[in-house]
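Undergrad: Below is a structure I'd like to ask you about.
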Amino acid sequence: MTWDKIALFFLQLSWTVQHVTAIHRHDIYPYGMFYGDVTLQEGDDETSEVTTLTKPMYFYETSFTNLYVATNGIISTQDLPMEKQYVDDGFPTDFPVIAPFLADIDTSKGKGSIFYRQTESPTVLKRAEADVKRGFPDATFTPTHAFIATWENVSAYEEVTRSSSPSSRINTFQVVLAYNEKDTYALFLYPEDGLQFFGTRPKESYNVEIELPARVGFTRGELSFLFFSRTEGPYYSVTSNEQSVKNLYQKGNIGEPGVWLFHIGNRYSFQNVIPAQHETVLTKAPPVLDAVFPDEDYTETDEEEYDRIDPDFQDPSTTEFLEPEQDSSLLERLNQEVPLGQSPPQPSVSGPGAFPPPDPHNLPSEDVTRPQRPLPKHAILQVYPNRVKDVPPHASGGQFDFTSLFKSNLSLFPLSPAVIHYSTDNKETCERFQQQCSQNAHCTDYSTGFCCHCSSGFYGNGRHCLPNGAPHRVNGKVRGTVLVGGTAVQLDRINLHAYIVVGDGRAYTAISEVPEPVGWALMPMAPIGGLFGWLFALELPNSLNGFSITGAEFTRHADVTFYPGNQRLSIVQTAMGLDNQNYLNVDTHLQGSVPFIPPGATVQIEPFKDTYHYYPSLITSTSVREFTVVSAENGAETHTFQVKQNITYRDCNHGPRSELETQELRMERIFVMYVKEERILRYAITNKIGPLGDPEPEDVNPCYSGNHDCDTTAQCVPAEGQLFLCQCATGYRGDGRNCYDVDECAEGLSSCGAHSYCMNLPGSHRCQCESGFEFGFDGRTCQGKIHLHFLFNLNCHNISQYYSLCFVVRADVDECRDQPCHTHALCSNSPGSFQCHPKFYNIWFICIEVTPTQHPETVCERWRASLLQQYGGQPESHHYLPQCDSAGEFNPVQCYGDSSYCWCVDQNGREVPGTRSHDAVKPACIPTVAPPTMHPLPRPDVTPPPTGTSLLYAQGQQIGVLPLNGTQMDKQRSSVLLALHGSIVVGIDYDCRERKVYWSDLAGRTISRASLEPGSEPEIIINTALTSPEGLAIDAARRRLFWVDSTSDKIETANLDGSDRRVLFDTDLVNPRAIVVDSRTGTLYWTDWNREAPKIESSSVDGQNRRVLVQDGIGLPNALTYDSTTRQVCWADAGTKRLECISPNGTGRRVVHSDLSYPFSMVAFANHYYYTDWRRDGVIALSRDKQSTDEHLPDQRSHLYGITVAPPHCL
């Protein structure tokens, strides 16, 4: 830094400290959507959705976990009543309130904004800690959490008449709640010129010219009194009249006008709010100094100067990215207004300073970072020094003693040019803030602070870490207003779910309950789901996907402009951390307009590449994309849209930094569709991320191409050339091609401590505190709370004569303090729980212990616990432990430790004969217990497929439709034919004469059918004497149905309505699975995948002429079909990984394909074979001449079972 700039710095500083004014707007705590704030809906009487605090906060003596922000200048711990019940009444209110400015405020029609968020930012927490120290010097308080709410430029409600015009008076104020496990402090901030109205008129004033002054203060609300009444709780008022409201920005109680501090809660004992008592108005610490350095002055020395500014004591500002014309004008204006060597112009006492404050909504994230390379061209570096402590007194004559300040703060103003150092006495350290790291990360202290780093086997930013290779889910809500062709469509918090196969970068996104007009119009908006593709993209060498950088907390702003219509849509997606299932939670807000797309149209988006630019705490990209709309009305039309986006996140600037500057995101397959019948909008994108401009080699390793056969819960580890290894993700066990969840709870591998229990999760586990306990502020240790219980021996007729006070100390959470019962019920606390009872008069407090409800221990869980005890809690690799799913049921595949010795079991854990395996390919076991259903459920009626030929496939609890265009799979028109919740649909076939689909249900032990007519409902045709019905086949010519039962080891037949049922074969069968019929010749074919002696057999449809067709060179023949074109029987083998065909007489055996993955079922049509694959969880298409392959991966990820073809007429 040049000495001229240092002189300018000192001149600005000397100017600011001479004036005693209220806190400036840019000195209040940072806020706005750029910092991850949520914006309250516009209106006159709006209340936010509940904010669930990550840790409870004490208000008065009570612990609360929920906060609500209201338009009318208040925060409450409970949902608010209508404003007419409190806004025009006096103080206190009858419900808990924190009121920085309680008045009738109106933000409708763009009259201001209200922002709020909870944060654990060390920058915010340290500033709050310093502010509390100024007001309560003797307090020992280190906040761990904060909640910030800001009312910006809000207006008073007013009824505008013809004779009156709307007022231009607006207010800005802020409340900061800082707390830890014991205390809560509240800061009210009223910036200079921030209060322009001081009260509001009642709505029902009956033309009387009165104005109620704003009420400022705190109230606990009404409390239960005795067992049958309520009484007014404690409260504290800051204001009483209009003048006291004006004092809010003219005075303060911690030495700075406009800043008010209060102690508002304590864990142990708290009578009422305590205000800070530092009434003396001290010289205000220097505000922001806009250190603006023109481009022409940039040198390498300047870059070092930026790098070495200690960010610990910067307020939340780093770089403000301006448009070129803005940057230029601002630089010119500042250069004109503050020429070097001259004093800056003096501002008026009542107005803002000469230097305009930065717009807080365009600033980067809270935790300031230092760039490791030059900033973008148009950048202004805002330098916020720490508030100066122990400022020397003024010299005589009121002049500031600058020399004393300089000498006493050499660490702040060093003589060495280009370096600014700060003290690190109160830097953040692992000892104080380690709880901010993921449980799968380690904390490292550096010279200026700490950073979190994910442990080996995990990826993320250290604050949030996920296991390498494991699939991931995203849950969230979508809200906002979208204008479609002049029609405004409101999206009211509809559900968004995404599933990402991290191993190959596939991201599936589904948004439900999307109204039809906007559903079609949002099909081109693949960038909504594209966020998840970038977050979990397949990483090419020397690259990082988004989650590895941002973790699970960030804000993504995307502005989309459509051409040629110039419609604009804003997409704001806020990631709010990982939930208790370790899934990412993302809120999506859409606002703007999109082009109209005709109903029934399809949208095609070609693969494209996008370049991402990386800065500290900021990632940006700009791209132009094409999409084609194909409709019956207009044919094919091509449109474009531009996407400008930035992603802000919390960066750790203390440790070693990545040299990452640019990366290229490659979206290779993009599939979008809107299902009108289900009102579901779907996006499916395959994503890779790598260095910019690196051409992909021709012989790319399968790990990078995504063509490996690793399990979806495994990581593909590239080796030399085309070689690779499959490694099960952390939390899973297996050979990499078959991975199974490790139950850390049952195997004693959890880290859960005292007063907690372990809950197994896919690939992980979590510790849950026992009832009556909660996590401490380390987020890992369960602890009880110590409360004072006040018991009153009272007579309801004469209270004062029977008053006694008892103190009971208990290490238990008193749930009754949160008033969980109905207002006409009595809450009784007990160790670890509570109960609600009807109220009675003249009785004592009765405590009854209640055991928390949990699902009963299952057979699998009991057996596992017993064996685990026998093994001393440490089973070895050769020991057997039953593997249970999340509901406690037996996993269908059971194995000995890490070995390949596996077998199938039924729902009772009994071994299924003939399923034992001794090789890497585990048996193809099917679950016998359906997964739990979620409510509400869609109606189980048919959504007919489009005209033409379609594939029908079974996927557990539904039957899917995949239309064919010739022999090509029309993936964009895929849909759900039939939802069958609670079922496990395995076998499936189609009757071309009556256009009915038939299927077997392993969970319900039934065989059913349904017509393909709209609204048709399932009809059960067989529901007795079935154990494990799997494959089935329709003989359209003879109107007969054939099926196999893999547990009773039978092949049976019946008429299509279930009548005339009889057994064809019940001997020499071990594990029958697939069955097909050649109606032309009346021949049956079936497979038996007995692991000791697999075979394929045939017979006539009446059970005659049974013979073995194939028994050599096969391993696990799951799939079987009859190719009517070649007149051959074909099968797909999950053991040998081959697709082979043979003539019915046993001759002409040939290999069609030899590199299959894990086929389960197959059908032949024209010159193609279509099979379901358990490794890919999709439908794979293979041409008979081996010239082409394709795949369809449904949005819903789960195993696919049977598959058949449904032509428009019999072939």
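Residue 1 is the first one shown; counting continues down the chain.
Including glycine, each Cβ sits where the backbone N, Cα and C put it.
TrEMBL labels come from automatic prediction, so no person has curated them.
Features from TrEMBL:
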{"type": "COMPBIAS", "residues": "298-307", "note": "compositional bias 'Acidic residues'"}
{"type": "DISULFID", "residues": "CYS895-CYS902", "note": "disulfide bond"}
{"type": "DOMAIN", "residues": "100-267", "note": "domain 'NIDO'"}
{"type": "DOMAIN", "residues": "426-466", "note": "domain 'EGF-like'"}
{"type": "DOMAIN", "residues": "470-699", "note": "domain 'Nidogen G2 beta-barrel'"}
{"type": "DOMAIN", "residues": "699-740", "note": "domain 'EGF-like'"}
{"type": "DOMAIN", "residues": "741-783", "note": "domain 'EGF-like'"}
{"type": "DOMAIN", "residues": "857-925", "note": "domain 'Thyroglobulin type-1'"}
{"type": "REGION", "residues": "298-372", "note": "region 'Disordered'"}
{"type": "REPEAT", "residues": "995-1038", "note": "repeat 'LDL-receptor class B'"}
{"type": "REPEAT", "residues": "1039-1081", "note": "repeat 'LDL-receptor class B'"}
{"type": "REPEAT", "residues": "1082-1126", "note": "repeat 'LDL-receptor class B'"}
{"type": "SIGNAL", "residues": "1-22", "note": "signal peptide"}
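Quick one: where do these features end up spatially?
TA: Counting only same-chain residues at least 6 apart in sequence, those with a Cβ under 8 Å from the Cβ of CYS902 (disulfide bond) are VAL893, GLN894, CYS895, TYR896, ARG916, SER917, LYS922, PRO923.
The average per-residue pLDDT of the prediction over the domain 'EGF-like' (699-740) is 82, rounded to a whole number.
Broken down with DSSP, the domain 'EGF-like' (741-783) shows 0 helix, 17 strand, 26 coil.
Long-range Cβ contacts of the repeat 'LDL-receptor class B' (995-1038) within its own chain (Cβ-Cβ under 8 Å, at least 6 residues beyond either end) map to 906, 926-930, 940-945, 952, 954, 959, 977-978, 980, 982-989, 1044-1048, 1054, 1056-1058, 1061, 1072-1077, 1079-1080, 1082, 1084, 1086, 1101, 1120, 1161, 1202, 1204, 1206, 1210.
Counting only same-chain residues 6+ beyond the ends of the repeat 'LDL-receptor class B' (1039-1081), those with a CB under 8 A from a CB of the stretch are 906, 912-915, 924, 987, 991, 994, 996, 998, 1000, 1007, 1009, 1021-1022, 1025-1033, 1087-1093, 1099, 1101, 1103, 1106, 1117-1122, 1124, 1129, 1131, 1144, 1161.
Sequence-distant contacts of the repeat 'LDL-receptor class B' (1082-1126) (same chain, six or more residues past either end, CB-CB distance under 8 Å): 914-917, 919, 921, 923-924, 1031, 1033, 1035, 1037-1038, 1040, 1042, 1044, 1051, 1053, 1064-1065, 1069-1076, 1132-1136, 1141-1142, 1144, 1146, 1149, 1159-1164, 1166-1167, 1169, 1171-1172, 1184, 1211.
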Undergrad: Taking the Cβ of CYS895 (disulfide bond) as the centre, count every other Cβ atom within 10 Å, in any protein chain shown.
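TA: Other Cβ atoms within 10 Å of CYS895 (disulfide bond): 22.
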Undergrad: Between the domain 'Thyroglobulin type-1' (857-925) and the stretches 100-267, 470-699, 741-783, work out which stretch tops the count of Cβ pairs under 8 Å.
TA: 741-783
Undergrad: Using DSSP, break the domain 'EGF-like' (699-740) down into helix, strand and coil residues and give each count.
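TA: Once the DSSP states are binned, the domain 'EGF-like' (699-740) shows 4 helix, 15 strand, 23 coil.
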Undergrad: Based on DSSP, tally up the residues of the repeat 'LDL-receptor class B' (995-1038) by helix, strand and coil.
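TA: Going by DSSP assignments, the repeat 'LDL-receptor class B' (995-1038) contains 0 helix, 23 strand, 21 coil.
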Undergrad: What are the helix, strand and coil residue counts for the repeat 'LDL-receptor class B' (1082-1126) according to DSSP?
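TA: Across the repeat 'LDL-receptor class B' (1082-1126), DSSP assigns the residues as follows: 0 helix, 23 strand, 22 coil.
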Undergrad: When DSSP states are grouped into helix, strand and coil, how many residues of the domain 'EGF-like' (426-466) land in each?
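TA: Counting residues per DSSP class in the domain 'EGF-like' (426-466), I get 7 helix, 15 strand, 19 coil.
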